[in-house]
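The N-linked glycosylation site annotation in Swiss-Prot covers N121, N168, N445, N791, N1008, N1301. For 58-68, the entry in Swiss-Prot reads repeat 'BNR 1'. Annotation source Swiss-Prot lists topological domain 'Lumenal' at 22-1391. Per Swiss-Prot, topological domain 'Cytoplasmic' is recorded for 1413-1577.
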Amino acid sequence: MILLHFVYSLWALLLIPLINAEEFTPKVTKTIAQDSFEILSFDDSNTLIRKQDASVTISFDDGETWEKVEGIEDEITWIYIDPFNRHDRAVATSMYESRLYITNDQGKSWERITLPDSEKNISSRGCYIETHPLNKNYFLAKCNYCEKTEVDNEENSGDEEGAPVIFNITRCTDKVFASNDGGKSFSEIKSSLERNENSAISISDCGFAKTGKDSDLESSDTSIICLFQNMQLIMDEFSSPYTESKLVLTTDWGKSLKEFDQFKDKVVNGYRILKSHMVVITQGDRYNDMSSMDVWVSNDLSNFKMAYMPTQLRHSMQGEIYEDAMGRIILPMSRERSDQEEDKGIVSEILISDSQGLKFSPIPWTANEVFGYINLYQPTYLKGTMIASLYPLSRRRNRKGKAKGVKNKGVTKISVDNGLTWTVLKVVDPDNADSFDCDITDFENCSLQNMFYTREGSTPTAGILMTTGIVGDGSVFDWGDQRTFISRDGGLTWKLAFDFPCLYAVGDYGNVIVAIPYNADEDDDPQSEFYYSLDQGKTWTEYQLETTIYPNEVMNTTPDGSGAKFILNGFTLAHMDGTTNFIYAIDFSTAFNDKTCEENDFEDWNLAEGKCVNGVKYKIRRRKQDAQCLVKKVFEDLQLFETACDKCTEADYECAFEFVRDATGKCVPDYNLIVLSDVCDKTKKKTVPVKPLQLVKGDKCKKPMTVKSVDISCEGVPKKGTNDKEIVVTENKFDFKIQFYQYFDTVTDESLLMINSRGEAYISHDGGQTIRRFDSNGETIIEVVFNPYYNSSAYLFGSKGSIFSTHDRGYSFMTAKLPEARQLGMPLDFNAKAQDTFIYYGGKNCESILSPECHAVAYLTNDGGETFTEMLDNAIHCEFAGSLFKYPSNEDMVMCQVKEKSSQTRSLVSSTDFFQDDKNTVFENIIGYLSTGGYIIVAVPHENNELRAYVTIDGTEFAEAKFPYDEDVGKQEAFTILESEKGSIFLHLATNLVPGRDFGNLLKSNSNGTSFVTLEHAVNRNTFGYVDFEKIQGLEGIILTNIVSNSDKVAENKEDKQLKTKITFNEGSDWNFLKPPKRDSEGKKFSCSSKSLDECSLHLHGYTERKDIRDTYSSGSALGMMFGVGNVGPNLLPYKECSTFFTTDGGETWAEVKKTPHQWEYGDHGGILVLVPENSETDSISYSTDFGKTWKDYKFCADKVLVKDITTVPRDSALRFLLFGEAADIGGSSFRTYTIDFRNIFERQCDFDITGKESADYKYSPLSSKSNCLFGHQTEFLRKTDENCFIGNIPLSEFSRNIKNCSCTRQDFECDYNFYKANDGTCKLVKGLSPANAADVCKKEPDLIEYFESSGYRKIPLSTCEGGLKLDAPSSPHACPGKEKEFKEKYSVSAGPFAFIFISILLIIFFAAWFVYDRGIRRNGGFARFGEIRLGDDGLIENNNTDRVVNNIVKSGFYVFSNIGSLLQHTKTNIAHVISKIRGRFGNRTGPSYSSLIHDQFLDEADDLLAGHDEDANDLSSFMDQGSNFEIEEDDVPTLEEEHTSYTDQPTTTDVPDALPEGNEENIDRPDSTAPSNENQ
């Protein structure tokens, strides 16, 4: 009985706590408040504070009751706890001026701190106090001031306290004040940068060098680091603000400032002070805030070393940089600025340094082809643990109604050994295995994915973690499908807690957990509830709330996680003016009948499964999961026990600086890192021994392992102190060939797309330094199209009907399905003004491409390819014409070339509603059409296999293009549109089409593209229609062409082509051969020495021979510079026999720089020039930093490679180049890329005045030594003068100035239509022709009433000359037919007004004469007294002033007439006397003698026409890079009875755009040259 009673009692003792636990309900207290969103806890206390509206409230009982604080008089903007004095100090910032409130006793009392008054015209936008970790009295107050904006209402002037203030945020200043007496007094740390009138924002950012009580930095307690910056709002030419900066150190509270010498000539973008390091980030280009950045690291605030970065750092997030327990620097970075607003500011990559902080590398498994957002979480209390998530940026969109494609896979992984090894987050939950869509035992394909691990789980626990996420393979992530999971082993394994996402918090070191669903309806109950667990998440209990709230935060009231009291803050939208907050205080402190755990309730939990981490084994004592007690060690931190490991292993080591880990994890030498280090500077030997491993800094393992040295080759490694030492090379090896590449043309970064021989796409955002494979979901990429109007957009076509589009340079892609039609390989056509609008061409009824029913269909999309609509059947090429013209007749106009299935002809149709209701046939039969520079040109077949061209500048009015009737021009069978610029079209008209013997004439149009004149004859052309024609980029009117010098014999098939190179400096009006250099690159004279350029000149290989048509002679950013491969002699030699030549003055003078053919590339606007041998293996490049004066060789790789191409960004403004090469390896060849970075070889960035004024580094100067006029003006260009600085992102080519406009000379004119340039330089009419009918202009412009005859000359459109020769002076005006009346009215005068004026004048003269006669002559005796009157006579009647005036007139008249009469008489007498003498002396001579002088203008000989040319010019483009060949069969040609319409070259009044996308060449070709001739009359 006694035994039974004992068993019963024992059972009761065990059961009662369980019953109490099941019946336990936490104490919940509710408080209702307005607009309260953040609650703060004082550490190790029961005191909480929060901001409510504009006041501060406080609770001294863990949130159960609240009261308004006393002592704060102002409205408060925000409050915060002092991070170094979390137990008792908080700060509240005032809304008014420079005032703050501070408490040092947990909010019981508050002291007002007033900062020094600001200037009268500015006002504070808020202040923030930073405190010192070691001295409680040290303050740094940071304030922001902005100029006040004028307001009309005096009541709102902001002068009175409480009045609203309007700030001008474009004129703001930061100020920093320091105090060493607890805020009683402050002194300003004044910026050492002078703020000028252009500085919009002035930034001062100061911080104590000590950032924690455990700081390892060598600094004093009073050391303060300050960064001062001035930012200027830049004019339109720039893409970003200009920044100047100074980084300084002060130890005397700002009285003296010491600038860091290493950053004097750099732009410091930001800095971060960590426990062991100070990190400084410098901006590579002060004129581009998106430029790449460098990271500098110091551990003594004195010596900084530049860290090695595996990729470009462009958008750092300095505020997120931190240091882990090993002293490694964690550097989050955003590598892009997405076009998608929601993507901005999100971390896209995380780099981790070695323990020295000098070599960064990405998290290994994130450096793959999937690019996305990265999130890294390191719980500080779990040493060595890292949880990282990668969320792919690829966005996939599909046609409505179609199944979704597979997304790029995201992944979440965990490491418990500081990132040495990683595993997925395993879900070990057999009870819920059926609730998941995948097999949770297949960890690699079914694991927990958490895209953003929140900091809510940062409360210290013994390995107990919670998170939200979904279980799967990472291919699908829908935020609405998230669930809540829990782990008890530090994150290695997880189990399901809730089927919905929750906010959560832990207490009592993880023994109490509170979770609240984001959505109250998750349990089909509209009322909110929270759940709690007292057994570390094993079981959960629901607590119902009476109100529906949106949870804002749930938190433990003790930040160290030791307490068992929580705060739940939620809100409802109760009224329009704000929110109503419900604050719940939840108390679990009496759980388990208030029992405290005893020793046997605890167990040991080992971190990292008991393995050594950083040379130490860690363990934590934690409560057993089912123990019926709470730890109740409130305000005590969680204890972590450690035991040093005896032996060091490879896990305790990292690769030395000169080594990197290969695919197997072994540390191998890296040539680039060897160059950056100094290991080879210490030896003269070819090799040096270096240990590949180094012990991790701070590792605590006891016995180091033996590390054997590895011999590193120092052959070719530059020595310290040389510029070559600073060149950085990155090599990438591939087992395939790159067949296509193209850069995105932006300054944001150096992004490019590459396609390999397997049809796989690769993307790089750092100029090829790091390359990622694009996941096309198994589809081969068969075509890539870049949007020519939107530089960040490109489209990739998949082999299975997908289209992958990017609008952010390849950072993210959207996938859509193309219409269910056969891909025909036709390019997309884009709308120039709508990024998401384009036309795709697919084949319909095309089971076979040869099927008779197979035809093309144009599909239109307005949403970037998400949906397509069928626009037009049988369309093979369309243009959004309305978006191309400057003044379109209709902005929605679309033109399409249509080829009907049943017809062999093609027609041109247009529509203004995408062919829904409107369809207009423009031409019934065409060969093809193209758009260029604001024109659309249509090729129309004519009789006898000829072509005619029609041009429009508005899409409605078409005019026939009239070609000149030169004697050597037969049929118009083929022509190539070369380019259009400055209102003219350049066109090549083929005159000989025999394959291999092609050539023709170079023509130029008037402003509306309808009247052409011949510029040069026998210009070289190839069979594909490409022409040796190139306009020099960035300069006005300079063109290079190759002519066939023996064209007559070539046409007769007697000789092969002999090419010569010619150049023009006035847009084709005059041509000369290239002047050869006197000596070659070795200082020797050229064998060809004739003074005649016709016999000895420089010749260059041109456009028709290029492997890549993007490799132009010149660069638009390197003004005046050109490279070319050629020779000096009578004719052009084969390519292999040529040398490489260079010019800096636009082609006036040349120099040989290499004896063999080389490839070239421009960088930094010509500030860095690079050459690499062509068609021969090499391991070196040549580069120049002084505009080609001197050249240096640099070895960029260990073994020789055959360089296929060298390239850089399209604007040639970068300092980074990309080489594509192929090298022979064992077992075959490998394709390689080399990224060569020259950023560090320059001492500094050139100092540039953003207003375009001259500075110490930039001066205005003419392009060449000559200063004569070109295009009617003298121009100077802003050019760099110092070779030791780099230019950067300055549009230098846009800064030029015209010194003056010159008088017009012969060089400012070209021949008009039907005129040609004769040998004497004059323009003469073509024999047998008449000038164009000038009256035709009246037909084209009905409003005209007059026209003028042509003089034979027309002024070059680019010329701005004034005065001087007027060779284009018009004739007298002629009346337009039918406008004779208007013409007569314009130039004739009406008889009525003329008669009135004439009679009026006669009447006035008659009256005056009668008055003088009556008062002065008749009254004084009449004409009879004329002979008696003498000057001064007193006999005249003078009764008043009128009489005296009249008498004076009479006397003066008499005097004048008397003298004239005497003079005539005397002259008559003398002449008679002389004649008499002559007759007497020469009486035998008969008849007169005559001479005549005809005065006329004359012109210089042709050789003198170019004398004195100034090479200054401005902004021309290269010609187009894509040919469109249009062929016509015999059946295509209809018989046309109409003859040519009459024509005039007078331009229309319509303005025409003068811009043309560079790099395009269009060819309209009629290959049939055997048809009979049809002479045009």
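From the backbone N, Cα and C atoms, a Cβ is placed for every residue, glycine too.
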Query: With every protein chain in view, how many other Cβ atoms are within 10 Å of the Cβ of N1301 (N-linked glycosylation site)?
result: 16
Field: N1301 (N-linked glycosylation site) to N791 (N-linked glycosylation site) - Cα separation in whole Å
entry: 37
Task: List the same-chain residues at least 6 positions away in sequence whose Cβ sits under 8 Å from the Cβ of N445 (N-linked glycosylation site), in sequence order, or say none.
output: C438, D439, D473
Task: Work out, from DSSP, the number of helix, strand and coil residues along the repeat 'BNR 1' (58-68).
output: 0 helix, 4 strand, 7 coil
- request: Can you check how the pLDDT averages out over the repeat 'BNR 1' (58-68)?
  value: 94
Spatial neighbours of N791 (N-linked glycosylation site) that are distant in sequence (at least 6 apart) but have CB under 8 A: F744, D745, T746
